[in-house]
C-alpha cells in the first residue's frame, strides 16, 4: 500500500496537448506556484481507445470494493452476534479501505474519460496526504488485528478482560495517529517547496514521487525523509505482526491437535490478508527496480496493487469466517420483499 516508496515515472517529453507554460526546470527562471496554479495529471492519455476497457474494469472493481466493505461495516454495527473485538477492528479496516481507494480511483476514472485532467495544488496535496496516511493506517490496523489474535489464542481466559471497549478505541486511535506521524513530515516538506512549470504530474493521481519531480531544486532531503517514513511504517508494523505470529506459533506448539486446528482457523483470514499485502508490495517494488516497464504499465500496476487488498478483504473474511458469512446472509435476506400470502379461493366463501 505504500506506493510512495516507488519512483515510478521516469522523465519524458511534455505531452503536446497540455496547455502548459513554456518554462522548464532547466531554464533560467524557476516558477514558484501561486494559489491559482493547477497541476496537470498526465494519466493514461496514450492508451487511446483502450482507456474505455480499463475504465470499465476499474469501475466494476471499485463498485465491488464499496459494496463488499460497506456490507462488512453494516453487519458489524447492526448484528449483535458480531460484537467481538475482531469484528470491530475488521469494520475499521473496511472503512479505511473504502476511503483509501476513494482518494485515487474516482480521480483516475474521471481522467480516463477526459482529455486533460487538472487538480489544484491544495487538492493535490490533500490527495497525496490521505493516500499515504490511509495506507499506513491500514497497515497499523492489520497490526492491531494481529495483536487481537495473539491475545485470543495465547490468553483466551483473559481475552474479554483485556480487549475491553476502551482498549479497542485506544488501539484504533493509535493506528490513526501512527499513520499521521509517518505521513506529516514528508507532506509538510512538500507543501513548503517551490514548484517549476510545466506542472505535469506523470501519474493518474498526485503520487508523491511524481509530484516531487516538479520541485525547483534539490530533493535529496525530501527523498531521505520520505524513505525514512516509509521504512518506519513498514518495519514497525511488519516486525510487530511477525512477533505476534511467532508468539502464537509458540503457544500452538503446546496445544492439542483440536485446539491447534481451531487456532489456525482463527488466524487464517488475517494471515492471508497480511501475506497478500506484504507479498504484493514486495513484488511491485522488485519489479520496478528490475523490470523495464513503460510509464503506462507502471501506473496500471500501481492502481491494481493499491486496490488489491481492499478488493480481496471482504471476500477472504467472508469465506473464511462462518459467523460473518451467516450474518451477511441474514442481512441480505432481510431486504428481500416478504412473500405475498396466497389469496383465498373465492369459491370457498360462497
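Cβ atoms here come from the backbone N, Cα and C positions, even for glycine.
Here TrEMBL gives transmembrane segment for one range in the set 26-46, 89-109, 194-214: that range is 89-109.
Among the ranges 5-25, 299-319, the one that TrEMBL lists as transmembrane segment is 299-319. The transmembrane segment (230-251) makes contact with the transmembrane segment (129-148), as judged by at least three Cβ pairs under 8 Å among residues 6 or more apart in sequence. Across the domain 'G-protein coupled receptors family 1 profile' (68-317), the model assigns an average pLDDT of 86.
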